[in-house]
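Trainee: Quick one: structure below, then a few questions.
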Amino acid sequence: MSPELEDFDFFAMFTSKSKSVTGRPDVSTITPWLAPIVWEGTYDLTVIDNIYKQQNITVALTVFALGKYVRFLKDFLESAEQHFMVGYRVHYYLFTDHPDEVPAVTLGDGRQLTVIKTETSNRWQEISLRRMEKIEKLIEKELTDKADYIFSLDVDCKFYAHWGAESLGDLVGVQHAGFFGKSRKEFTYERRPESQAFIPFEEGDYYYGGAVIGGRLDKVHKLTKTCRMQLDVDRANHIEAVWQEESHLNKYFLYNKPSKMLSPEYLWDETKGKPSYMKVVRCSQVVKNYAEVRPNP
Ligand SMILES: CC(=O)N[C@H]1[C@@H](OP(=O)(O)OP(=O)(O)OC[C@H]2O[C@@H](n3ccc(=O)[nH]c3=O)[C@H](O)[C@@H]2O)O[C@H](CO)[C@H](O)[C@@H]1O
Ligand SMILES: [Mn+2]
């Protein structure tokens, strides 16, 4: 091989020599339906910011902190201020039954927080699944004309690194860290045909985490409304899906494929260590004592 050829960067030829786009031969970066899977090394943030900055977008971020989960708020908000959509307008919508206990966190320019007083439940399952209905109604009653994109995140999460406009898309889901690289047979989908969340063993693409939902308002409205209706049908039939709204979300994404998928960088689980494919942990679940924080076992 001539020295010229040896030095020739074939990848750069296709990517206008973007230094940040190195490619990721170690993981899959695209779904079978051609939606990108966002990993470090697969995007150029400068290019992406140029697209979204021009559109002057607002991102709504819903978070629920009911009962003892208010204790997660300080770290959640402080770390989100450091890393989540920095440089964009962000409006937090914080649902809680303890408005007095919301910590005072200094928000950056263009960022605001609205507290919504919400009744709680004596079942954590109910608290978690009710989020679908609350988000559905929030979009209907509040957000039209006020936001372009919305994310819903678990409050027991903490940001450690950049989470920006590369995560935006029409309909966005996250690959659950616990099921990354596992086969569909191992996914904990709802397997009882009596539930609206039922997925047979021979179906399913990925196992999505219930902790992250995102996208354009209309798409997330359709998602939350559909899941809420399916949850209502299940309730009327006295059945609760194995992982509540997460099971219904997985069913929804099976038939309404996300247009963008976030890799486990966006919802890591520290107890899994740091495998070589995890070049960056952007957001991770806080290790919690379930028995201590939840209202019921
Ligand atoms: C990482 C991930 O994908 N987590 C999902 C998983 O377990 P998790 O163990 O992550 O569920 P969780 O206990 O964090 O509950 C989900 C969320 O509901 C809220 N909450 C819950 C209980 C409570 O007493 N107070 C309160 O505010 C809070 O925002 C919390 O983050 O399965 C749940 C449904 O079973 C949800 O789909 C979670 O998103
Ligand atoms: Mn959680």
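Going from the start of the chain as shown, residues are counted 1 onward.
Just so you know, glycine gets a Cβ as well, placed from its N, Cα and C.
Because the structure is a prediction, the values reported are computed rather than measured.
Per TrEMBL, active site, nucleophile is recorded for Glu246. Under the heading UDP-N-acetyl-alpha-D-galactosamine binding site, TrEMBL lists Tyr69, Asp154, Val155, Asp156. According to TrEMBL, the feature Mn(2+) binding site maps to Asp154, Asp156.
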Trainee: Specify the secondary structure state of Val155 (UDP-N-acetyl-alpha-D-galactosamine binding site) as given by DSSP, simplified to three classes.
Mentor: coil
Trainee: Please work out the number of neighbouring Cβ atoms within 10 Å of the Cβ of Tyr69 (UDP-N-acetyl-alpha-D-galactosamine binding site), leaving out its own Cβ.
Mentor: 24
Trainee: Sequence gap of 6 or more, Cβ distance under 8 Å: name the residues on the same chain that satisfy this around Asp154 (UDP-N-acetyl-alpha-D-galactosamine binding site), in order along the sequence.
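Mentor: Correct list: Val63, Gly210, Ala211, Val212, Gln285.
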Trainee: With respect to ligand 2, which members of the binding-site residues Tyr69, Val155, Asp156 satisfy a Cβ distance under 6 angstroms to one of its atoms?
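Mentor: Only Asp156 meet the Cβ criterion.
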